[in-house]
């Protein structure tokens, strides 16, 4: 039986693990050969010392080698936050996904239940009536027929069951928060990724480039793992093989600045109700932050020339009823009913 202890000792000593060692360590954890205490110790040793790009790449290689894939169009994208920002905000990326799909871009949305927050993507979507445990074929059909499919991480990364209890007990972000956006079961090449800390912007953009992404924006919104209308958003953009960094304020793209309190979410049922309100056209700070993120996603998808154009398309997606229609179709298809 393989032993995680040498890798724990190495990480705890402050020594970075080469990609091969990182993959080997994650292979041990993902195959059920490590105890919960060992997993927790290893994850926190990495976090305290600071995870490196080779360690993330090795962990992703281990996860990808075990995942159950989903077939999606070549131009599909993912819109995902790492979680772990401790903000308790609304499910911005989930709502954004429906708006982007309503604007004509296929979305293969990867997400999980809450691990370090009150309501994760899966919690809110399940509360809306989506069958989050649909199989890979049904999800592929949902993407092609409804424009969006939701991939519940534990269904596609079943090896994660070995580390899930340790993550919940730790109750804080770990390297696994970084891995979700990098381990999309549909192997999308375009991503809008929200990150929990600004020091990860450029490293994650480099990891995405190494993993074959064509276009991606990695964003940090002043305490949020999404673009924010309550402050300044920092962006590391992978475009045409190059990575550039810049900042965005809501005012410069014609949106209202709000207070962080206006973006506070609640439990899954409350967040689901708020998400539905946005798709039904209700005006709110939640709508504005969704418009900002949707505009950016449409730029990443190549559908919009710039952020203002993307926001205009997002407004049209909501106000025409297209985004709400996507939600209704996804609910139907995920529950094996005609769209």
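Even glycines carry a Cβ here, placed using N, Cα and C.
In Swiss-Prot this protein carries:
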{"type": "BINDING", "residues": "81, 112", "note": "anthranilate 1 binding site"}
{"type": "BINDING", "residues": "81, 84-85, 89, 91-94, 109-117, 121", "note": "5-phospho-alpha-D-ribose 1-diphosphate binding site"}
{"type": "BINDING", "residues": "93, 226", "note": "Mg(2+) 1 binding site"}
{"type": "BINDING", "residues": "167", "note": "anthranilate 2 binding site"}
{"type": "BINDING", "residues": "225, 226", "note": "Mg(2+) 2 binding site"}
- To the nearest whole angstrom, state the Cα distance for the pair residue 89 (5-phospho-alpha-D-ribose 1-diphosphate binding site) and residue 225 (Mg(2+) 2 binding site). 9
- Determine, using Cα-Cα distances only, which of these binding-site residues is closest to residue 110 (5-phospho-alpha-D-ribose 1-diphosphate binding site): 81, 167, 225, 226. 81
- Smallest Cα-Cα separation from the residue listed as 'anthranilate 2 binding site' among the binding-site residues 81, 113, 225, 226 is shown by 113
- Query: Taking the Cα atoms as reference points, how far is residue 93 (5-phospho-alpha-D-ribose 1-diphosphate binding site) from residue 225 (Mg(2+) 2 binding site) in Å?
  - Reply: 9
- Item | Number of other Cβ atoms within 10 Å of the Cβ of residue 167 (anthranilate 2 binding site) across all protein chains | 21
- Given the binding-site residues 110, 113, which one is most crowded in terms of C-beta atoms within 10 angstroms? 110
